[in-house]
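A.B. asks: The following block contains the structure, expressed as structure tokens.
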Amino acid sequence: MPATARILPFPQAGGTSAVVCGLGTWVPPRVVPNAEIAARLDTSDEWIHARTGIRERHVVDPGMATSDLAVEAGQRALKSADTDRVDALVLATTTPDRPCPATAPDVAHRLGLDRCAAFDVNAVCTGFLYGLASGAGLIAAGVAEQVLVIGADTFTTIIDPDCRATAAIFGDGAGAVVLRAGSASEPGALGPFDLGSDGQDADLITVAAGGSRQRSTRRPAEPGAEFFTMAGKAVFRKAIFQMAGSAQTVLRKAGLGLRDIDRFVIHQANARILNGVADMLGQPVDKFVRNIDQVGNTAAASVPLALDAACASGELRPGQRVLLGAFGGGLTWGSTVLRWPELEAV
Ligand code: UT7
């Protein structure tokens, strides 16, 4: 397995840090409990809950797209940051409204952020971490003073409705933060980051059609070729291994130890994966925030939705040191640390 790419400690000494100053989330109103999935597929509420920790998820109705969720979350994050201006919008998503153009410019336009830089990032379930690093990089490079980073996905739009292994897991949602230029000593300052990938295992999580490998023709793609597929068991083991390894790497870069972390907010892929990461790191499971029971796996929205849930429940409080981490298709993984700031609840 290739070692995680070496990335210089971030920010460079004396450089500008990206500081989290707003948080907003949104999930579509329709709630699908396990029983609704069990009513049409060969599965049960007991199996899904015992094997994944999920009880229900939010699902978009036909006609609702990723941008609709991203706009709602973005609006709330801007309000929380008390701003109506950003220099860049980074949208992490694997379920864009369409393959071309990127979804971010449309989201920016609908948020009244015309003329700001806007682009999509696709790192599947690690998207939000890659988005944060991109936003922080724009700030550190002096390209932007404020950046809106949104993680939004509607995986239920690409799931094979007859596949019990994936239909039981995924839900839809969006979460966003506003980053502003600040100093590394401030609460909310992000970094360092650890980001990595392993393309040898690209086939473990895929959508076969819709890209250049299967070129566009006048005939529709093979039936089912546009559905999402995942080799669950292999991914499960790698998710634990890589998220635990990335957490250790980022802590080393930060000069921190595991005991310095008050809360771990990591990708909500499976409750057993959260337990596995806690176990591998030798950390108590109650330091790991979990909202997977209510939202399922929401891909790029997972980490900000978990952050919001933890703030609402009081599990995450200003001043606490939090480690963010994720793992997803690509394969990709990433982590960062910050001291949680005082934010305006919206
Ligand atoms: O978000 C990015 C990364 N994604 C992840 O990290 C997800 C990682 N993977 C997982 O969370 C788990 O592998 C799953 C939840 C997808 C599956 O759970 P598992 O405990 O790993 O099950 P498995 O794939 O080993 O399958 C065990 C059995 C199989 O039946 P047989 O072949 O033993 O007869 C599956 O067909 O469980 C079956 N199965 C189900 N049974 C009832 C798979 N899904 C279901 C289901 N209901 N929904």
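A Cβ is built for glycine as well, from the same backbone N, Cα and C atoms used for every other residue.
Please treat TrEMBL annotations as automatic predictions, because they have not gone through curation.
Pulled these from TrEMBL:
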DOMAIN    119-199  domain 'Beta-ketoacyl-[acyl-carrier-protein] synthase III N-terminal'
ACT_SITE  Cys125  active site
DOMAIN    251-340  domain 'Beta-ketoacyl-[acyl-carrier-protein] synthase III C-terminal'
ACT_SITE  His267  active site
REGION    268-272  region 'ACP-binding'
ACT_SITE  Asn297  active site
A.B. asks: Which secondary structure state does DSSP assign to Cys125 (active site), in the simple three-class scheme?
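C.D. replies: Where Cys125 (active site) sits, the three-state DSSP reduction gives helix.
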A.B. asks: Would you mind giving the whole-number mean pLDDT across the domain 'Beta-ketoacyl-[acyl-carrier-protein] synthase III N-terminal' (119-199)?
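C.D. replies: The answer is 97, the mean pLDDT of the model over that range.
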A.B. asks: According to DSSP, how is the domain 'Beta-ketoacyl-[acyl-carrier-protein] synthase III N-terminal' (119-199) divided among helix, strand and coil residues?
C.D. replies: 25 helix, 30 strand, 26 coil
A.B. asks: Would you kindly give the Cα-Cα distance separating Cys125 (active site) and His267 (active site), rounded to the nearest Å?
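C.D. replies: So the alpha carbons of His267 (active site) and Cys125 (active site) sit roughly 7 Å from each other.
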A.B. asks: Between Asn297 (active site) and Cys125 (active site), how many Å separate their Cα atoms?
C.D. replies: 9
A.B. asks: Within 10 Å of the Cβ of Cys125 (active site), how many other Cβ atoms can you find? Include all protein chains, please.
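C.D. replies: Taking every protein chain into account, the count is 32.
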A.B. asks: May I have the DSSP-based helix, strand and coil counts for the residues of the domain 'Beta-ketoacyl-[acyl-carrier-protein] synthase III C-terminal' (251-340)?
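C.D. replies: For that range the per-state counts are 40 helix, 22 strand, 28 coil.
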A.B. asks: CB neighbours of Asn297 (active site) within 10 A?
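C.D. replies: There are 26 of them.
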